[in-house]
Amino acid sequence: MPAYSTNMRLKFPILALTLEIITIILFAVFVVYDDGKHGGHGAHNNATHHEETTEQNPLTLYPMFQDVHVMIFIGFGFLMTFLKRYGFSSVGLNLLLAAFALQWGLLVQGLWHLDEGKIKVSIFKMINADFSTATVLISFGAVLGKTSPVQLLIMTLLEITIFGINEHLVAEVLKANDVGASMIIHAFGAYFGLAVARMLYRPALGNGHENDGSVYHSDLFAMIGTVFLWMFWPSFNSAIAEPGADQLMAVTNTYFSLAACVLSAYAVSSLVEHKGKLDMVHIQNATLAGGVAVGTCADMNIGPFGAMIIGFVAGIVSTLGFKFLTPILASNLCIQDTCGVHNLHGMPGILGGIAGIVAVALGKKDGTVPFSFSLLRPSSFRSAVMQAAALASSLGFALVGGAMTGLIMKLPFWGQPPDQNCFDDSIYWEVPEEEEGEESLAHGDHSMNKAEA
Amino acid sequence: MPAYSTNMRLKFPILALTLEIITIILFAVFVVYDDGKHGGHGAHNNATHHEETTEQNPLTLYPMFQDVHVMIFIGFGFLMTFLKRYGFSSVGLNLLLAAFALQWGLLVQGLWHLDEGKIKVSIFKMINADFSTATVLISFGAVLGKTSPVQLLIMTLLEITIFGINEHLVAEVLKANDVGASMIIHAFGAYFGLAVARMLYRPALGNGHENDGSVYHSDLFAMIGTVFLWMFWPSFNSAIAEPGADQLMAVTNTYFSLAACVLSAYAVSSLVEHKGKLDMVHIQNATLAGGVAVGTCADMNIGPFGAMIIGFVAGIVSTLGFKFLTPILASNLCIQDTCGVHNLHGMPGILGGIAGIVAVALGKKDGTVPFSFSLLRPSSFRSAVMQAAALASSLGFALVGGAMTGLIMKLPFWGQPPDQNCFDDSIYWEVPEEEEGEESLAHGDHSMNKAEA
Amino acid sequence: MPAYSTNMRLKFPILALTLEIITIILFAVFVVYDDGKHGGHGAHNNATHHEETTEQNPLTLYPMFQDVHVMIFIGFGFLMTFLKRYGFSSVGLNLLLAAFALQWGLLVQGLWHLDEGKIKVSIFKMINADFSTATVLISFGAVLGKTSPVQLLIMTLLEITIFGINEHLVAEVLKANDVGASMIIHAFGAYFGLAVARMLYRPALGNGHENDGSVYHSDLFAMIGTVFLWMFWPSFNSAIAEPGADQLMAVTNTYFSLAACVLSAYAVSSLVEHKGKLDMVHIQNATLAGGVAVGTCADMNIGPFGAMIIGFVAGIVSTLGFKFLTPILASNLCIQDTCGVHNLHGMPGILGGIAGIVAVALGKKDGTVPFSFSLLRPSSFRSAVMQAAALASSLGFALVGGAMTGLIMKLPFWGQPPDQNCFDDSIYWEVPEEEEGEESLAHGDHSMNKAEA
């Protein structure tokens with residue numbers, strides 16, 4: 001790849017300020033405070049009822065919102081700090097992208113469901129805005145280290161928009177269940193990111209890159225992200241569930257799925273290393289696959305042991321994916337998946353979608369509308385078909401949308417890093433000198449900056 | 001500065017134990033559990049009503065209290081760990097000062113509002129105690145690295161006391177609105193700290209200090225603080241708001257102000273660096289200015305886009321302050337502001353106060369007392385004057401109180417560090433050897449300890 | 001100690017997968033979702049009433065559950081990362097053990113209280129499962145760095161089971177009060193771990209080990225654990241208290257006990273160092289002793305100042321223990337207590353038990369059953385005897401159970417590390433190369449791996 005200018009001095013500020021100003025104008029036109037009177041809908045098919053029941057205290061969902069918030073900003077942000085020289089970008093660009101995505105997501109989701117011509121911001125809508133953000137951060141993981149902030153803002157804008165279309169289709173048209181969003185967030189975000197990564201393929205990175213790896217302390221920073229994601233995943237999967245028994249069920253299923261997933265991920269990690277050692281990449285990621293995979297049927301009556309089986313299988317699949325599938329994707333399919341999102345979000349997301357199809361076919365999802373009469377309830381078979389259609393829709397929008405987005409991101413004037421400067425903060429950030437060995441770092445800084453035009 | 005004794009073996013334990021014992025005695029005399037029957041007031045003008053409405057479940061505010069708690073202890077503590085050799089002091093002294101401040105703050109605030117001669121501890125009062133703590137931690141940021149634990153405990157004692165007077169004046173006498181405390185916490189804490197820093201001016205640090213900077217991992221630790229502050233700021237600004245719609249409004253305004261602030265802070269950070277790179281100092285701090293600036297009018301009907309404009313402007317002002325104003329303060333006004341609290345809390349706090357004056361003048365704050373009759377409601381003009389008086393009072397108490405406190409802290413027997421040992425944990429902490437390069441560190445240790453008497 | 005094989009490739013996966021599969025089968029047989037109809041009991045004597053009152057919203061306790069969850073996974077996990085080369089194991093094995101312990105704990109606790117032959121999972125039961133986990137993590141601290149993952153899973157299995165017996169005895173038979181679990185978690189976990197450590201005594205470590213210490217950044221990681229534990233301890237001590245005034249009292253007492261404890265721990269830390277410096281080991285641990293010591297009487301009417309006195313004393317006792325008692329335990333009693341759990345959980349736990357005996361004898365615990373008649377209430381004397389019996393039972397089960405467990409863990413085929421590889425992640429983990437000084441690390445890696453068979 002030729003050494004394009006990576007100087008962002010004009011491109012990035014102009015883009016960021018323009019996007020924010022447009023967003024503020026759209027907010028001025030469309031967004032008002034929630035007044036507690038709802039004619040509209042949330043992002044999911046049970047939203048209307050849900051908002052009605054929490055009308056009396058508009059902050060009932062606030063603690064769960066904050067748990068999700070922590071997952072988005074600390075969880076995703078620190079999970080990606082595992083790279084030795086890319087921590088500033090991981091947590092810093094995570095903050096930038098998420099801050100824009102949550103504004104844009106609120107608009108995109110809200111425009112589908114205007115209420116008296118307005119988007120009325122409730123905690124419920126803020127949770128959904130955070131959810132839309134998650135798709136972007138998952139895709140960010142696939143292209144981590146190989147994209148400029150300008151490219152990433154463009155990806156955010158497009159991905160959120162496409163996400164909004166698919167989500168509307170899945171929730172409102174197909175009326176599929178996906179309370180924990182295995183399909184519409186995890187599978188969508190992963191395959192969108194993989195499609196982008198395919199478009200941005202860099203042959204020169206085929207033999208690895210000296211900065212594409214961790215150091216001891218960067219792995220510990222990443223564990224901050226892992227553990228916060230792990231702990232608060234029950235909130236993610238239950239935040240928009242029907243209050244009461246369904247929400248408790250979603251918490252319970254996710255809690256046990258994650259616990260079982262830890263045991264299988266650790267076991268398989270040790271099993272596939274020739275010396276029986278544990279691998280931090282597996283521990284940081286595969287332990288979370290249980291939360292992804294149980295998402296779609298989190299609020300279904302699958303039993304705690306059913307949730308555990310899902311988590312147990314997800315931990316195995318995810319760990320094996322990191323060990324065996326990621327190298328194949330890179331070498332055979334030209335998909336360089338920096339964080340292995342295919343293993344954490346992609347396959348477990350599909351697994352979750354399939355589990356949802358099976359669970360719905362078995363009648364594990366009792367009517368989402370209270371007081372529904374059994375005669376009026378759609379048959380389990382029809383529901384299962386809708387679930388399958390939702391999964392297919394999510395994958396289709398992700399792959400096509402991601403490929404189109406990747407093509408736009410490939411245009412040669414977005415300040416993308418040259419191959420030798422990938423996975424390196426110093427191309428977009430002021431990086432301080434090192435504590436020890438300053439000579440060696442002076443040298444390092446020199447080589448790092450050589451591609452700046 | 002002469003090399004005073006920095007050995008704290010007697011001074012510090014005697015002061016800390018004495019303060020704690022006095023505090024316990026005062027608690028024995030004045031502090032009782034909340035019994036749910038309130039004749040008293042909280043720290044703010046809407047407190048009485050507020051407490052009544054939450055009387056039935058005394059723990060309704062507990063999740064918001066814990067969010068604020070995380071901001072105080074993790075947020076402020078880790079935000080200041082950016083210095084390469086001052087992380088122990090940053091997070092450790094933050095814990096020490098906050099632990100004392102919350103006890104002292106509860107007493108000082110409670111003594112203004114005795115209820116049957118007692119201070120009845122509720123979650124609401126614990127939140128206000130945490131709030132008073134924030135002023136001290138903001139001031140701590142201004143003098144970070146240049147003060148001894150003994151000096152800092154003295155500052156805590158005095159600052160909290162002066163804060164209590166100003167807060168009483170603002171909330172009870174002027175009856176000004178400051179739900180998110182732009183004026184009484186952020187502006188007050190910043191200008192108090194700057195006044196102290198002016199008194200403790202060290203000319204020898206004018207050319208910088210080798211330890212007054214970050215290393216790669218210390219900047220990542222600081223981001224833990226930044227992100228937790230950013231996420232939980234909606235709780236800070238809404239914790240003591242009127243329950244219901246007002247509280248939701250405070251959450252919503254803060255959430256969007258912060259999001260808009262991130263975009264403008266990143267954009268300007270890139271714009272002012274000659275290579276268009278992002279600067280961690282700006283990212284760690286200026287992204288939070290939106291939370292400060294929207295504080296006063298967080299519970300006013302300014303519209304989500306109004307909040308975003310405030311945050312957008314705050315991000316710009318704060319970043320420009322770090323780039324251009326901090327050096328001028330140091331060189332021209334002899335104010336060495338280690339953390340740049342003027343840019344994060346000072347200017348955004350004043351901005352918040354001004355926004356509050358404007359919003360109140362425009363009638364955006366509907367009566368804080370429910371069922372008030374419009375005829376009885378004070379005119380918007382009169383309210384705006386009260387807001388301006390509150391801002392002036394906060395700045396006045398801060399500057400005068402900070403200067404007096406600084407003079408006391410300057411007395412030469414509080415174990416302050418010599419210039420060459422500033423920004424260095426090893427003068428007050430046992431610091432472990434380094435992982436690598438032990439010879440170079442042995443040397444470092446030697447030079448670090450040379451000033452110990 | 002001879003160099004046993006430390007290769008875990010078969011042992012560990014087989015054990016982990018077997019345990020998880022057995023657990024899933026037991027869950028399939030016994031565990032169902034909570035249906036809100038309770039005939040059973042929680043783990044504590046006030047559970048029945050408690051669950052009834054929260055029946056209407058099954059997620060009332062959810063925010064407190066998440067606080068406890070953060071303490072278990074972030075708090076304990078990062079607190080133990082202080083060792084320079086053992087961070088992966090600290091936070092990683094913490095996650096593994098806790099994920100298994102919470103499943104096993106739910107089963108063990110639930111089997112004592114079957115409801116229609118089933119264990120009905122509520123948030124209340126999930127909190128108790130997290131509590132049982134805490135005992136294992138405390139014991140883990142005593143043997144940190146000297147045990148294999150296989151040994152630790154065995155310890156988890158046995159300790160949880162023994163914990164379940166003692167807890168049943170204390171709560172249901174003796175009907176003792178221990179809302180914050182000073183006795184049944186902290187003292188139990190500490191003395192269990194110390195008994196195990198005694199069995200696993202390694203004379204070769206008597207002169208210290210080069211990796212048995214911290215580096216600068218590892219101490220900062222540990223502070224993440226400390227501060228989260230400190231902040232959320234009020235949730236730990238109040239989570240299963242009677243809702244309403246009792247729960248508020250438990251929050252209040254813990255909050256002030258911890259605040260007072262910080263001051264005394266800092267003061268004594270400075271006092272016992274010959275240069276008056278603060279010691280990170282004390283700050284990381286002794287500041288938390290106030291939370292442990294106030295546990296048993298957290299929901300008793302001891303007054304805020306009473307709680308502060310308990311915390312104040314606990315901070316002193318704990319710091320002095322680290323300074324003077326830990327070396328004596330190691331040299332005279334052959335108990336090598338890596339994290340000093342005796343000082344943080346052992347002695348403060350006993351202090352808490354004694355404070356509970358005194359408080360109950362003084363009648364500070366009003367009847368746990370509302371509307372109880374004074375004539376029917378057991379006399380304070382009898383209650384105090386039951387408290388003392390509960391403390392004795394907890395210590396007895398811990399010491400005997402820990403010794404038996406230690407004997408089993410000593411069997412020579414669990415892959416325990418040789419002495420020279422203690423406190424070193426690289427024996428059980430893939431450890432990345434270092435950032436700087438790669439030659440020296442290549443050497444380090446070589447020596448680290450020399451004991452692998």
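Including glycine, each Cβ sits where the backbone N, Cα and C put it.
Note that the structure is a prediction, hence the values are computed from the model and not measured.
Taken verbatim from TrEMBL:
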COMPBIAS  A:440-453  compositional bias 'Basic and acidic residues'
DOMAIN    A:57-425  domain 'Ammonium transporter AmtB-like'
REGION    A:434-453  region 'Disordered'
TRANSMEM  A:12-33  transmembrane segment
TRANSMEM  A:64-83  transmembrane segment
TRANSMEM  A:95-114  transmembrane segment
TRANSMEM  A:126-145  transmembrane segment
TRANSMEM  A:152-171  transmembrane segment
TRANSMEM  A:183-201  transmembrane segment
TRANSMEM  A:213-233  transmembrane segment
TRANSMEM  A:253-272  transmembrane segment
TRANSMEM  A:305-325  transmembrane segment
TRANSMEM  A:345-363  transmembrane segment
TRANSMEM  A:384-409  transmembrane segment
Study note, to complete from the structure: If you count CB pairs under 8 A between the transmembrane segment (A:213-233) and each of A:64-83, A:95-114, A:183-201, the winner is A:64-83
Practice item. Using a Cβ cut-off of under 8 Å, list the residues of the same chain at least 6 residues beyond the transmembrane segment (A:183-201) that approach it. Key: 131, 134-143, 146-147, 155, 159, 162-163, 166-167, 170-171, 176, 292, 295-296, 329, 333-338, 341-342, 344-346, 348-350, 352-353, 356, 390-391, 394-395, 397-403, 405-407, 409-410, 416
Exercise for review: Answer yes if the transmembrane segment (A:64-83) and the transmembrane segment (A:126-145) have at least three CB pairs under 8 Å among residue pairs 6 or more apart in sequence, and no otherwise.
Suggested key: yes
Study note, to complete from the structure: Best-packed against the transmembrane segment (A:384-409), counting Cβ pairs under 8 Å over A:12-33, A:152-171, A:305-325, is stretch A:152-171
Check your understanding: Which range out of A:12-33, A:95-114, A:152-171, A:253-272 gives the transmembrane segment (A:305-325) the most CB pairs under 8 Å?
Key -> A:253-272
Point to revise | Long-range neighbours of the transmembrane segment (A:253-272), counting only residues six or more past its ends (CB under 8 A) | key: 180, 230, 233-234, 236-238, 278-279, 282-283, 286-291, 293-295, 297-299, 302, 304, 306-316, 318-320, 323-324
Review point. Apart from its near flanks, which chain residues at least 6 from the ends of the transmembrane segment (A:152-171) lie with a Cβ under 8 angstroms of it?
Key: 12, 15-16, 19, 43-45, 93, 96-97, 100-101, 104-105, 108-109, 111-112, 132-133, 135-136, 139-140, 143, 178, 183-184, 188-189, 192, 196, 390, 393-394, 397-398, 401-402, 404-405, 408-409, 414
Point to revise | Mean per-residue pLDDT computed across the domain 'Ammonium transporter AmtB-like' (A:57-425) | key: 93
